[in-house]
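Reviewing the structure listed below.
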């Protein structure tokens, strides 16, 4: 017994010694809640980048990076704030990968991130409201704003020769943000939006919404909703009553349910989802499968990039102090410099140490614009012969 | 021609969907009103009884489909419906024996029974999810349309489509049959008459030798049958999702109260009033007006209220009715 105690004490001591040099990074994602199925692959993506940097031995004189997970719940702003508070004050993290959903991210950023001067990089919060938030240069995101999706959607619709559309959105931050930014972009491009009508998720009947949309008319219907929620009801109602024949489907509407329940009736409908392609993405998926998770899962690559950006900015600034390295995030993310793909973080650290500029590309072809958000690549899809097919990336 | 287009547009987007939805609400409200009239409490578990009954019917439907049984152009679920009703009735009777019987024995106040039914609601909620899961399930088969939008356009040459789903026709027809059977039962049979007597004056009914246990059991069985039928029709017409049935409880109660709690005729009228007001008040009349009035070019959408407010409409009606006619449009019991 005595021996065991001694051994444990000794182990604790050595562990404590190693800890002194460690850098902790927080991962605040919705491990429970409506997006709980997406979170594990995202956290594993972020942890993959941390492990890669630790294993390289070239970070901050050989320091290890230790991930600390926290549950942001995606929907409960108070719970997310408490989680980030714990990460920052109790765990002493030097940067946070998160939050996950737009509302919760805004709350934790304003209540904890900004007062404590903590850098937060979200892999998946897409609300346009986050672009204009006064963030003291502390907030970045590796996902594109929905304002960008609105513009891309406008381009795709215009290319199909459609000039007037009706819009319906799910009544929350995501739906409203996307619908508003799209309506603005579409009008600016010379199109007509006949109606912008909200629908609530999980309701008994959508005849009223379908009726109003049909009466307003338009060549196509844009559904900024969720395929597993009210979006399904609107789509079913519109198809059955013959209200619309062509549908425009943003990211929330594209999923297995669409393929299984609707694809056969949607010939000619189209849409887009944030998604990247190319060497970086392929490399990341390959690395993920070696590490034992699915790298093609939504926003997993973006989480890897968020963690990588924090660590590379630290290296470039030569400091783990958020108020110092926040200045370097845009530098390492953008040109000019040596392009860096996933799996090359060790090489990036060497280049930084040698004083060479780097241009981090990562899994999602990172290019930060504006107030520090991804320009984003989108996958354009079209339904042909009962299948969802990729047209091209833009 | 334009006038015909206007009529078709109203039929397609207002009349047909609202009638089907109204029939579903009416069936649900009938069950609520029956329990209120005879057992004297508002049964909050009714929405989840519908979900449970539908879940059971879906399970039987799957079994029948496995055996290769089909009902021609009609959904297989119709064959499964009696089985679903039987299982639900047994479940509801067991609940009554285990829970409600005690509170009847101690003559608990109606408000306590209401709270008890909330408890039962949560348990049923869990049981349904446990058995069939939380996902959306489509269980309709057979012919989908009586009149399809495309077919109607081609046949008539009108610009406006008209679609009538098999399930919509089925809903209205079946609801009519069920209501007729219920009224026949309540007015003509001995058990039905004893139920009405029990509802009107419990003490007098007991004195004249009516067996209360028998009346209670029959009431529960009928309520289970109404709930399962309403749930299955709703599920066939839209889709089955346990959570949606819980949401359905609100419009159902609104229907029952607007019509007059405890009055079966009122429940039916209430169901249609709520359904039509939800769809018609938020309808954008622009298209119809453009067709109906020659040379008229509508500026706005001509929409009284945007669709977010459709629930506000039914509850505004509810409040107005309660203010001016507390017993409902058809004389029910005071709430």
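One is the number of the first residue shown, and numbering goes on along the chain from there.
Cβ from N, Cα, C; glycine included.
According to TrEMBL, the features are:
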TRANSMEM  B:20-39  transmembrane segment
TRANSMEM  B:51-68  transmembrane segment
TRANSMEM  B:74-94  transmembrane segment
TRANSMEM  B:106-124  transmembrane segment
TRANSMEM  B:168-186  transmembrane segment
TRANSMEM  B:215-236  transmembrane segment
TRANSMEM  B:248-276  transmembrane segment
TRANSMEM  B:311-330  transmembrane segment
Quiz prompt | Residue numbers, six or more beyond the limits of the transmembrane segment (B:20-39), whose CB comes under 8 Å of its CB atoms | solution = 46-47, 49-50, 100, 104, 113, 165, 167-168, 171-172, 175-176, 178-179, 182, 195, 198-199, 215-216, 219, 222-223, 226-227, 229-230, 233-234, 237, 248, 251-253, 255-256, 259, 261-264, 266-268, 270-272, 274-276, 278-279, 332-333
Quiz item: Looking at the transmembrane segment (B:74-94) and the transmembrane segment (B:215-236), are there 3+ C-beta pairs under 8 A, with each pair at least 6 apart in sequence?
Solution: yes
Quiz item: Out of B:51-68, B:168-186, B:311-330, which stretch has the largest tally of CB pairs under 8 angstroms to the transmembrane segment (B:215-236)?
Solution: B:51-68
